[in-house]
């Protein structure tokens with residue numbers, strides 16, 4: 001039995017082992033054209049990227065040895081690109097081995113290997129989903145994954161003002177930067193302050209705009225309301241005006257001494273000027289107000305769509321049972337909306353978690369608060385931005401990015417795996 | 001079984017590829033990642049905002065003589081270093097930049113500036129303090145273009161020369177009266193150390209102490225000594241008593257302050273020579289005087305800011321750029337520039353000439369300069385701005401006592417300096 | 001009977017009152033911006049809703065290109081970048097979402113998890129990397145690169161949204177088409193995409209507005225004033241230490257807001273009515 005099995009796989013094994021040099025296994029399987037393609041792809045790959053690998057890996061290990069010839073940051077980037085190219089190469093290599101093995105197996109079973117035309121056709125149908133994903137994924141690798149990997153790598157270097165090109169090189173320092181965040185008092189306390197506010201901000205700002213959006217959609221959805229189209233157009237306006245414009249306008253309106261809010265609106269109803277921009281608590285209130293203002297139309301629009309698709313018979317059944325309006329809302333409308341809109345609602349939270357614009361543009365993360373190296377309303381992303389662009393603390397910013405990502409991944413693993421989009425049948 | 005074999009082979013292949021190709025490094029020093037030495041046919045000069053008119057003709061003449069195109073681009077001088085960091089390595093950076101003297105130390109640490117070979121006679125052209133701002137560890141990195149320090153601007157329609165207050169106390173009283181009419185008296189951005197330093201120094205506060213040789217000592221920070229605390233208390237009085245509006249606090253405060261003055265809502269502001277022209281254009285009939293005396297009788301101090309022309313180390317035309325810097329900073333061109341831009345030149349003979357002395361605005365700057373000191377140009381200065389400005393804002397908005405906030409700021413500065421030095 | 005009627009009247013009047021208040025809070029800042037753009041002076045200090053002495057100066061200032069100010073150039077740049085980002089995102093997102101929704105393949109689950117995580121890590125926490133990349137490719141100042149980066153950033157979140165929407169379209173539809181001999185590509189283009197119009201509109205809007213809200217990323221890639229997008233230019237207009245002009249900013253803001261708002265209002269129909277075409281009208 002075992003003998004026949006050995007016997008039965010001999011072609012497959014030999015083909016796979018021969019394909020250590022890509023293409024040879026295919027030759028062995030008598031798939032000449034495919035073999036030639038594999039062999040030449042491998043040759044072109046090796047020739048084309050030899051220099052990238054050479055420089056890339058050397059740079060990745062050393063981060064440069066000589067100034068001003070070497071620029072650590074560029075070497076690091078090249079190294080990471082080399083790694084990515086290597087990963088793609090290995091994927092190809094794996095496919096080559098697998099192909100050799102599989103076709104060898106077919107010979108073992110006494111089948112004929114498919115002709116070149118046949119394998120092309122075959123390949124097209126099995127790889128159809130990969131073809132669909134391919135372009136997007138490739139773009140993702142270089143515009144999102146590479147930058148994030150780069151940022152992660154940076155966190156383990158000492159790249160800052162004193163280790164920049166052209167005068168200096170950066171070095172690998174392991175976990176030193178993380179140690180600094182957690183051992184230096186001012187950094188630690190700032191980190192936890194910022195993290196705390198980031199979480200509160202995310203929860204409150206998102207929930208407010210979601211609640212307001214759903215509420216207004218239901219209000220406008222009332223059958224006997226007139227001018228529905230008009231109201232919908234008005235309520236969509238805050239979304240239609242580019243967000244950064246609105247935020248900057250609000251920044252002017254909330255000015256403590258000269259803004260319209262204090263001088264006109266509050267003045268008119270006899271409330272004394274509120275220190276919107278110089279008191280962190282009030283700045284937070286203003287930010288929450290603004291984000292609700294900016295965020296609700298999107299939810300409003302989507303909810304309106306969902307409301308129109310609630311089957312009428314659901315309500316009719318409820319009407320028979322003598323349900324009140326509130327009961328109808330709670331047991332039919334709301335659950336329906338929430339299940340339909342789950343992904344959109346989740347993206348609201350992730351959006352606000354990273355809502356750099358509103359924090360930075362409104363008051364630059366300020367006002368200043370005691371005992372903190374960040375501003376009183378800075379969230380993690382705005383703090384990271386300021387450390388990178390204003391204080392040249394690149395490694396520190398990168399380390400914070402890792403911590404932020406870690407936090408996000410933790411939540412994602414805990415929460416999102418349960419949502420519908422992940423369920424497989 | 002099948003997948004195992006394939007997987008093993010993949011790993012083996014990966015290892016082979018990695019071993020075979022990795023880690024030999026550049027074959028020779030020539031495979032340089034930084035800029036090549038290819039000469040460019042234009043000389044790119046970054047000039048301060050709205051100041052290009054001062055060097056346009058001279059630059060054209062220089063270009064003609066050296067057979068090169070000189071292109072002038074205006075950029076806020078305080079931001080030029082930040083932009084050079086991005087544009088330099090990209091190869092789109094300038095050859096010559098204009099930066100404030102306090103950034104020289106940082107720029108040299110990063111290696112962004114090229115050392116210049118300057119003869120003693122050239123050095124002697126400039127006032128000593130201005131020239132010193134361009135020297136780091138005995139090496140010259142630029143030539144001073146203009147000197148500026150803060151002065152007091154007053155609106156002649158709102159306060160006459162005769163009744164002009166002479167001390168900060170008098171200003172305090174004057175401001176109170178103005179407030180009663182819904183206007184402002186004196187305004188200053190005292191939530192920023194650049195301006196507040198004038199008060200601090202009068203009370204004995206300082207940023208960095210100096211060693212016996214006159215070099216700044218980053219280990220001696222005087223921003224939380226008793227004088228500084230007194231100064232911070234004094235400054236915060238103006239905010240707490242409502243003489244300064246909260247709207248001039250923070251990043252955008254400077255714009256608000258300028259508008260209050262140009263719209264005739266504030267009688268006087270503390271600002272710098274960069275506003276001579278804009279205020280005039282806004283149609284304000286203003287006078288300029290040196291800063292007033294403090295409550296303790298001492299004259300208010302200020303920072304001397306030196307603007308300089310420097311050569312980027314990324315320049316592909318470094319020699320010509322150096323030549324241009326020397327040429328544009330010489331006596332003749334400095335004079336032209338002064339006439340066009342009203343920026344007070346750093347050339348000794350010009351500063352002493354009638355041309356400058358007879359100019360009321362410029363002579364006020366010169367007067368105040370007697371009480372001014374150089375902005376520290378050591379790298380550590382970079383770590384000072386944010387913490388101390390935050391502390392001042394916290395004090396001015398009454399969120400913390402002066403002592404506590406300043407102690408805090410100093411410990412932040414210290415730890416930031418230590419953190420950057422240790423590695 | 002009577003009480004029902006009066007209750008209805010109360011409810012409706014409350015509704016109108018509420019909508020009135022909300023509308024006011026929406027219109028006030030917009031009106032104020034319009035007012036500011038006609039005010040004299042540069043700051044908000046003396047800005048009033050109804051200018052005492054209105055002027056068109058700030059609109060005129062926008063037309064004066066030169067130095068570091070090229071409003072209309074920025075305007076065109078922004079429209080171009082937004083438009084291409086929108087088109088490319090819609091294409092790539094719908095392809096990827098289609099694959100994730102309708103096919104079962106090796107790596108699908110890991111791919112989805114990866115997309116989910118990537119949408120939460122902000123792209124611009126890696127500004128340095130993007131800048132280094134731009135330099136290595138010699139594409140500093142390139143709008144093309146910026147568009148690709150924006151599209152890349154749009155993919156994870158929007159794919160996730162689109163996949164969720166496609167999942168809700170019954171598979172029986174494409175299965176019966178498959179039996180009729182339609183190819184995958186035809187099913188995708190002729191059956192799924194028309195049904196997914198509302199979500200396509202959302203993805204399109206995200207793609208269009210994304211670049212209009214970004215200045216952090218773009219200011220790292222675009223270094224030449226002529227290549228700027230509007231957000232960078234307008235932000236500089238009020239953040240400059242010297243020569244900032246809040247009122248000119250307001251004028252510039254209005255000019256960009258009008259076309260964008262118009263596009264929104266036109267597209268709005270698709271958001272709302274598209275969903276009802278599914279058949280279950282309420």
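Positions of Cβ are set from backbone N, Cα and C atoms, glycine also.
Keep in mind that this is a model prediction, so the values were computed, not measured.
As given in TrEMBL:
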DOMAIN    A:195-415  domain 'ABC transmembrane type-1'
TRANSMEM  A:36-61  transmembrane segment
TRANSMEM  A:73-95  transmembrane segment
TRANSMEM  A:130-156  transmembrane segment
TRANSMEM  A:194-218  transmembrane segment
TRANSMEM  A:230-254  transmembrane segment
TRANSMEM  A:285-310  transmembrane segment
TRANSMEM  A:394-414  transmembrane segment
Exercise. When you scan the chain for residues with a C-beta under 8 Å from the transmembrane segment (A:230-254), skipping those not six or more beyond its ends, what do you find?
Worked result: 216, 220, 260-262, 276-277, 286, 290, 293-294, 296-298, 300-301, 304, 357-358, 361-363
Exercise. Under an 8 Å Cβ to Cβ limit, what residues of the same chain, 6 or more beyond the ends of the transmembrane segment (A:36-61), are close to it?
Worked result: 19, 21-24, 26, 70, 74-76, 78-83, 85-86, 89, 92-93, 96, 99
For this session: Six or more residues out from either end of the transmembrane segment (A:130-156), which same-chain residues have a Cβ under 8 Å from its Cβ atoms?
Result: 76-77, 80-81, 83-84, 124, 172-175, 177-178, 394-395, 398-399, 401-402, 405
Exercise. Do any residues of this chain, six or more beyond the ends of the transmembrane segment (A:194-218), have a C-beta under 8 angstroms from a C-beta of it, and if so which?
Worked result: 235, 284, 287-288, 291-292, 294-304, 307, 329, 333-334, 337, 345, 348-349, 351-353, 355, 372, 374, 377-380, 383, 407
